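A.B. asks: According to TrEMBL, the protein carries these features:
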- 104-124: transmembrane segment (TRANSMEM)
- 139-163: transmembrane segment (TRANSMEM)
- 195-217: transmembrane segment (TRANSMEM)
- 229-246: transmembrane segment (TRANSMEM)
- 300-319: transmembrane segment (TRANSMEM)
- 411-429: transmembrane segment (TRANSMEM)
Amino acid sequence: MVIKESEFDDSLGYALLRRDMGTVWDTAKDERMVNGTMDPELIQRAKERAVRAQLNSADGDTCETHDQFYRDHKLLLVLFRGLAVMPITRSVPGRITFSWRSAASIYAFCFYLVSTVIVLVVGYERIKVFQTTTKFDEYIYGILFVIFLVPHFWIPFVGWGVAKQVAIYKTMWGAFQVRYYRVTGTSLQFPHLKLLIVFLSIGCLVCAIVFLLSLSFLLEGFALWHTSAYYHIITMLNMNSALWYINSRGIRVASSSLSRCFRQDVAIECTAAMISRYRFLWLNLSELLQALGNAYARTYSTYCLFMFVNITVAIYGALSEIIDHGFGFSFKEIGLIVDTVYCSTLLFIFCDCSHNATLQVAQGVQDTLLSINLLKVDQPTQKEIDLFIQAIEMNPAIVSLKGYAEVNRELLTSSIATIAIYLIVLLQFKLSLISQQIPVEIIENVKMLQKQ
């Protein structure tokens, strides 16, 4: 459920509490009176609020003016559109939209068809390895290279398929920033975010190139021209990690800013109307956090599965090399370790960003609410404080991928435990194969001694 503009206006007009109390309040007087006296500062604040109340978060031009978050991370969205992963556009002011017949979607189809041909050609070359080798460990390397091609084929499902939900989520940011300005009187700012995104975008491209060239150099049979099928895939994985980090950072910055403004306003005037406004603004922020997980549920569910499988296979391959040849590290082992570190880093970033974002959403606001001396405020204000605390308790700050998994550090530890279990099973198979080969070698040695 999305908080509608009419519902938000009701909260700003103090209508909900008035209905609950069964009394009629003079809103203009309530805004300017403190303990029965006129305060010039509060009168000025009330006038400014009246001017800001004319803004409408449903108006596209107003959202365009206040949507600083979109302007800061626009480059990342352009790169996603260039890779044909997320063909969403800013077709009208203040609105991000998706259409199957848009120019971005047509470009995505064409790019995907061309890249699919390249991926199929390279994939066929990689599958031929299974027919030309009899070594068990060579199969491991072949499986790894095939696994890295799989994300290309789920782009229509996890990219285009969720583009409409992602467009709605991005548009919600504009509405939230207008409401933030109406309540706090300050525009929401994201310090250094634009510069950070430039570095992240360049880093995603550079890391993809370095990673693939290192694998081509370290792993036998991975020809340099084969990397042409992997560049857009690895870049997409890197950018998915960067996008999640940016979205989580945006939530964290918004939470910190809201908490700071709430603390400052409570120190100036702690009224029921003000608490009510911040309660609805906080609920809007909580809604953004939940919408983040719901919009990208498909994308990051498959992202996590890919990382789990890749890390498991890579670690198993490295351990198999160590079991067979000892601890003298070869290029193959180093290549598998590089793959493990790369996927583990992306998985850690994904889980840690969500954990840090959820910690900030409720903590600052809750601390301010609990610090208010209830003996010094009137009964309506006490009731609003109770409603605010109940809202925080009933809307826990979690990022859920549509209920399939909660994204936090616990997801990271449970993933490590699952990977460890699979590695134990796979290594048992490996050791059983070695134990079956020992008697054969002994018999051959005995036969050679008899011939001598």
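Keep in mind that glycine also has a Cβ here, set from the backbone N, Cα and C atoms.
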A.B. asks: Quick check: do the transmembrane segment (104-124) and the transmembrane segment (195-217) share at least 3 Cβ pairs under 8 Å, counting only pairs 6+ apart in sequence?
C.D. replies: no
A.B. asks: Restricting to the same chain and to residues at least six past its boundaries, which positions have a Cβ under 8 Å from a Cβ of the transmembrane segment (229-246)?
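C.D. replies: Counting only partners 6 or more residues beyond its ends, the transmembrane segment (229-246) has Cβ contacts under 8 Å with 73, 76, 79-80, 83, 85, 115, 118-119, 121-123, 148-149, 151-152, 155, 193, 196-197, 200-201, 203-205, 207-209, 211-212, 296, 299-300, 303, 306, 346, 349-350, 353-354.
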A.B. asks: Same-chain Cβ contacts of the transmembrane segment (139-163) under 8 Å, 6 or more residues past its ends?
C.D. replies: 84-88, 98, 105, 108, 112, 115-116, 119, 122-123, 126-127, 129-130, 133, 219-222, 226, 229-230, 232-234, 236-237, 295-299, 302-303, 306, 309-310, 313-314, 316-317, 320, 332, 336, 339
